[in-house]
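Since the structure comes first, as structure tokens, the remarks are kept for the end.
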């Protein structure tokens, strides 16, 4: 076996410490052809003899530009040359919408994870991505869940605990490190020209805002944001766990509603988490902060009080000791 570099050892250490992957697993690698995914794929291939993994690769072509289609053709040829089991999925023409594109990619990942019987979907997000995501979500307005959303692992489908695990072994590396690795190993990285388009807010944040903040406020900005995300993740997990313990005492599925007395006695952070979970069950979409707060206000309101209308014609109303959802 070839000797592992310090970078290989750091990733292998993260895999073990975070319990991301196990020997003999079938892995589906989400492969864009950029420097992070090339670095990820090469490290996994180098570690493969020690771990006994079976590696499969999926590339998704959104067809937003001729460059993307050319990239897909190039990567397919390279993957064939490398003898790697792979698939290239091509989207129907869709408008340039990041949320829609992400949903489509995850659908393809679910499909191919089932097809190849892969228990883990491996993604190349780095600490630089985590810092960028933290700041982006903070500027848009979000809670602890959004600020700590890019974690080491999660289920591919949040609603299905049997779905494959999404794992991110490179979260301990920064973007400059994956770039250096690709150069050292002469990997044929495909530059994504769309990443330079300042019409997209995320690109402007990465190319202009974060360098400005590094220069004028904190040269270690990415490390600072990663620390904040890590701390918030642990605190959010604690609140979610405590809310799960409180849930059977307050939730009345037959109504559907919540018992006000035990929920009113809980700390505000738990009230908000339980209210968020309840509204997520009864509304067509996850509730906003304002919608959660409207529900919280009713915990101390007089009988007969009701909330403003929620999406889908729902509202909450105080009925005795219960807060009931009507439709």
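Cβ from N, Cα, C; glycine included.
What Swiss-Prot says about this one:
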BINDING   32, 33, 34, 35, 36, 37  ATP binding site
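Among the binding-site residues 32, 35, 37, the residue whose Cβ has the fewest other Cβ atoms within 10 Å is 32.
The ATP site, placed at the center of the C-beta atoms of 32, 33, 34, 35, 36, 37, has further neighbours from the same chain whose C-beta lies within 8 angstroms: 31, 38, 39, 40, 124, 189, 190, 192. Cβ contacts within 10 Å of residue 36 (ATP binding site), excluding its own Cβ and spanning all protein chains shown: 23. If you draw a 10 Å sphere around the CB of residue 33 (ATP binding site), it holds 21 other CB atoms from the protein chains shown. Annotation for residue 34 (ATP binding site): spatial neighbours 124, 189, 190, 191, 192, criterion Cβ-Cβ under 8 Å with sequence separation of six or more.
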